[in-house]
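Everything below concerns the one structure shown next.
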Amino acid sequence: MSPQRTLPRPLSLCLCLCLCLAAALGSAQSGSCRDKKNCKVVFSQQELRKRLTPLQYHVTQEKGTESAFEGEYTHHKDPGIYKCVVCGTPLFKSETKFDSGSGWPSFHDVISSEAITFTDDFSYGMHRVETSCSQCGAHLGHIFDDGPRPTGKRYCINSAALSFTPADSSGAAEGESGVASPAQADKAEL
């Protein structure tokens, strides 16, 4: 038998403590813009605590998760645009929302591929892909590859990370998204 090589016990403990400290410091940062220079819109924690509900702050800034089936938009079916609750960036159209049975609002596509940032998330001993607002870094939820066609994606988003702008008869919600409908495009060409 060959001798087994192990680290000296004090060195093992020190290494373990350093890894735990690094993990704790990494998870304590607000939002998903690790370096605020990467965020296009930056808010102070003080301002966010005043403006957001405790649940909205916990979800968007501390990467929390609201209870399943209890979010404001879980069963919401009105036409309109879902936006980031922190900065107002348009994220999802109501036409892409579907009932996944997961207990959280689910969408199969985003308004713009630039609206959301993806980050590997290894919390809770598993690998997932976190979704964050690319403008302000707010944690939104996660994306999975078990959604419906045409994308096969399921953006599983916390209601607390969203605000909603209803569509009205003039299509104002569509116009706010920066994405014109085909009917609006035709009118512009006339």
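Keep in mind that glycine also has a Cβ here, set from the backbone N, Cα and C atoms.
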Region 'Disordered' range according to Swiss-Prot, out of 66-90, 141-165, 166-190: 166-190
For C87 (Zn(2+) binding site), the number of other Cβ atoms found within 10 Å of its own Cβ: 19
Euclidean distance between Cα atoms of K40 (N6-acetyllysine) and C133 (Zn(2+) binding site), Å: 10
Neighbouring C-beta atoms (10 Å sphere around the C-beta of C156 (active site, nucleophile)): 22
Residue pair C87 (Zn(2+) binding site), K40 (N6-acetyllysine) - Cα distance, angstrom, rounded: 10
